Ligand SMILES: C[S@@+](CC[C@H](N)C(=O)[O-])C[C@H]1O[C@@H](n2cnc3c(N)ncnc32)[C@H](O)[C@@H]1O
């Protein structure tokens with residue numbers, strides 16, 4: 001831990017000091033300094049309304065503990081214990097994937113394709129980011145979410161309760177976690193999609209490997225989900241998967257091979273293929 005400033009205890013001074021400490025550890029040190037400091041203040045406005053106020057002993061220990069975690073390489077959202085996704089502030093911890101801006105592509109597609117009535121399913125819910133963003137926008141629908149990791153599901157349940165949103169949370173392996181006979185009008189999933197030897201895994205070592213790695217090819221989660229879904233589909237169920245930006249062709253092929261029609265791929269804000277969607281063919285229903 002670097003030496004702490006002795007002379008001045010003002011919030012403004014601590015903000016500048018934090019930025020200097022973080023410069024070698026992250027890409028946006030000033031922004032992160034502000035988030036860390038705001039996290040331990042009594043109100044979100046104190047930093048700009050009373051920049052000369054003293055930090056004080058208790059808050060200083062709390063701040064230094066957070067800074068030590070961040071400087072040891074822990075991702076900022078885990079240090080803060082919460083992160084924002086769409087308009088939601090969600091609890092996150094190392095049992096759940098940190099919700100990514102990429103996933104907003106999937107949610108935006110889903111918002112445009114919510115059914116008038118019926119049930120919506122999120123497979124591999126993690127923090128609950130996808131299903132809660134939809135439930136927030138359209139609380140009148142029936143929402144379901146599955147995760148194999150009980151600790152992740154506890155985080156999702158907490159987020160749903162804090163937001164006052166109703167979701168049927170199911171623990172287990174993909175569609176096996178669902179009650180027999182339960183059918184869905186819309187199915188969404190951002191499952192693990194990295195291959196075991198993906199070079200990106202080295203930068204993602206703070207996040208749960210079970211949320212990231214699908215298997216040898218990276219397509220195993222999609223295959224397992226598509227194989228288990230037919231008993232839970234209606235004649236015109238829509239589906240959308242988030243996927244790696246190089247997996248579009250494989251996903252389109254997989255969806256068609258499992259009897260889905262109207263297969264399309266949608267690009268993220270960076271212009272990369274990110275989400276593939278389709279409609280369940282009545283021939284297979
Ligand atoms: C990539 S994370 C997505 C989390 C969240 N939906 C999001 O977009 O931020 C994938 C999630 O799938 C869950 N998962 C992995 N294998 C599973 C399986 N066989 N059955 C159910 N859930 C699974 C993981 O625990 C993890 O929470």
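Including glycine, each Cβ sits where the backbone N, Cα and C put it.
Note that TrEMBL annotation is computational and uncurated.
Given the structure is predicted, the values throughout are model-derived calculations rather than measurements.
Now, the feature entries from TrEMBL:
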BINDING   124, 125, 126, 127, 128, 147, 174, 190  S-adenosyl-L-methionine binding site
BINDING   190, 191, 192, 193  substrate binding site
DOMAIN    14-81  domain 'Release factor glutamine methyltransferase N-terminal'
DOMAIN    111-196  domain 'Methyltransferase small'
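Everything TrEMBL records as a feature, shown here on the structure.
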residue	record	DSSP class
124	S-adenosyl-L-methionine binding site	coil
147	S-adenosyl-L-methionine binding site	strand
174	S-adenosyl-L-methionine binding site	helix
190	S-adenosyl-L-methionine binding site	coil
Any idea what the model's mean pLDDT is for the domain 'Release factor glutamine methyltransferase N-terminal' (14-81)? 93
Largest tally of Cβ atoms lying within 10 Å of a Cβ, found at which of the binding-site residues 126, 191, 192: 126
Could you check which of the binding-site residues 191, 192, 193 is the closest Cα neighbour of residue 124 (S-adenosyl-L-methionine binding site)? 191
Among the binding-site residues 124, 128, point out the residue whose Cβ has the most other Cβ atoms within 10 Å, with all shown protein chains included in the count. 128
Please work out the number of neighbouring Cβ atoms within 10 Å of the Cβ of residue 125 (S-adenosyl-L-methionine binding site), leaving out its own Cβ. 31
Counting all other Cβ atoms within 10 Å across every protein chain shown, which of the binding-site residues 174, 193 scores highest? 193
Ligand 1: which of the binding-site residues 124, 128, 147, 192, 193 have a Cβ closer than 6 angstroms to it? 124, 147, 192
Nearest recorded site to residue 192 (substrate binding site) by CA-CA distance, among binding-site residues 125, 127, 128: 125
Long-range neighbours only, meaning 6 or more apart in sequence with Cβ under 8 Å: which ones does residue 190 (S-adenosyl-L-methionine binding site) have? 103, 106, 124, 126, 130, 241, 242
Secondary structure content, the domain 'Methyltransferase small' (111-196) (per DSSP, counts of residues): 29 helix, 23 strand, 34 coil
Could you tell me the C-alpha distance between residue 147 (S-adenosyl-L-methionine binding site) and residue 191 (substrate binding site) in angstrom, no decimals? 10
